[in-house]
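To keep things clear, I will list the structure first and then write my remarks on it.
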């Protein structure tokens, strides 16, 4: 029991000794081991600046400042995850520190993702960095969305070119053109919505204006992939290295309206096909010297301008004197080139001419001048297009109306034909002898047959009464036998108690039961009349309408 505390104390002491050894050799640390070739900034006043150190073989080492520049600083700041580099430092800008130098003569191009991807003399190969104040350092610039700046183009009538102005502290200012190049111009044009920059220029030289306002930014250095100028490195706000507005930054952005390098135009003339010949290069329109100028070169120029040929190549003094640059001289064209700049020449701006030697041409007008831009349509063409559309709509409506009328007529004709076919179907012959109107159709039913009253009488066939119990009377018809004849014919007839009958008198009309009232011819018949042709006929005519329910004669 007494030895237990001492053994426990010994175990604790042993564990502490082991932990101390592991901590000493770096096997246990409060930080995880950095990745191979990681970089860090030390001895700076903020996390965005300091002396550059790189990690290799479990050791942090310095970078010698031989050849150290902004491209190297861009890579270090990008590898650390900061916006961009603001400055590259040398020597004693930060405390020199101690330890080995891992890299010397670093030569980055600025687009690398990590520092070890840049060319250098080799790991641990150092020359000229024996002194302690030769360590390289950087000042990075962190970027946040709130740091974004607003820019615009000013000083030109064209929206794609002009002086670059920056809005800061409630006012518009300019950018000093030191370090202003195509990378910075690409960022500015991209921020404005264009597809990159055609050229970065000095605004006063190109636009010739005296600009006012503060100069906000100097030493702007962009990589070209930034989306806002605030992401690019700079010397600082209001650090004017341009001594006023003599070197303000300008730009010409790429757009559908931007002239292409080598485009031509004719100026100074009263017509579009004649004038002084000018060529476009890097945002500037300049003239062409007439040294070695001939008809082949004039033909190439007119063809590029959209004409078929050249009419005259003359002195440009007829179209005024140009005061700008002379850009081309000693052109040697074969006449087959598609653009004038394809012909051999001295080079851009290389000449020994005066503006009195500028070239002027007059092109043939047999062919129309070049078409205007595709987004410009004349008023006359717009009117023609509107008239064509209106006529098309009217014709379409007329065709639809005609088709509707034709459809209605076709349906009416079909219905009429169906009605006529239905009239040709025979019905049972159980109707009356004489036509009786049926409904509002205008037709009559005779013996079950529908008859059109408009047809002539001879078209009607005589009715068939073979199956009917009622027989129409025949005219003329013999009168019934006399009483004497009846007694003589029936000698056994009883006459007891019966007075001699009186012979019936048929001198007047009689009506028998259930029979049609018909006259009876007598011998002689005083009512007999003669037809106009001599044939005898009765004065009595059959009734116009027979009984509706004929009955058989009485026995």
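Here the Cβ of each residue, glycine as well, is placed from N, Cα and C on the backbone.
Predicted automatically and left uncurated, TrEMBL annotations should be read as such.
Positions annotated as signal peptide by TrEMBL: 1-30.
The domain 'SRCR' annotation in TrEMBL covers 39-141 (among others). Mean predicted confidence for the domain 'SRCR' (39-141): the pLDDT average there is 85.
Same-chain residues at least 6 positions away in sequence with a Cβ under 8 Å from that of residue 118 (disulfide bond) are, in sequence order, 72, 75, 106, 107, 108, 109, 112. What TrEMBL lists as disulfide bond is 108-118 (among others).
Residues annotated as domain 'SRCR' in TrEMBL: 151-254 (among others).
Residue environment of residue 222 (disulfide bond) contains 25 other Cβ atoms, counted within 10 Å of its Cβ in all protein chains. Annotated disulfide bond per TrEMBL: 222-232 (among others), in sequence order.
Across the domain 'SRCR' (264-364), DSSP classifies residues as 21 helix, 33 strand, 47 coil. Annotated domain 'SRCR' per TrEMBL: 264-364 (among others), in sequence order.
All protein chains shown were included, and the count of other CB atoms within 10 Å of the CB of residue 353 (disulfide bond) stands at 17. Here TrEMBL flags 289-353 (among others) as disulfide bond.
All chains included, 27 other C-beta atoms sit within 10 angstroms of the C-beta of residue 363 (disulfide bond). Annotation comment: TrEMBL describes 302-363 (among others) as disulfide bond.
Sequence annotations record features per position, and here TrEMBL assigns disulfide bond to 333-343 (among others). Other Cβ atoms within 10 Å of the Cβ of residue 333 (disulfide bond), summed over all protein chains shown, number 21.
Under the heading transmembrane segment, TrEMBL lists 381-402.
Feature annotation from TrEMBL assigns region 'Disordered' to 455-555.
What TrEMBL records for 470-482 (among others) is compositional bias 'Pro residues'.
TrEMBL lists 508-517 with the feature compositional bias 'Polar residues'.
Sequence annotations record features per position, and here TrEMBL assigns compositional bias 'Pro residues' to 544-555 (among others).
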Count of other CB atoms lying within 10 Å of the CB belonging to residue 232 (disulfide bond): 26
Would you list the DSSP helix, strand and coil counts for the residues of the domain 'SRCR' (151-254)? 18 helix, 36 strand, 50 coil
In the structure shown, which of the disulfide-bonded residues 108, 289, 302, 343 has the fewest other Cβ atoms within 10 Å? 343
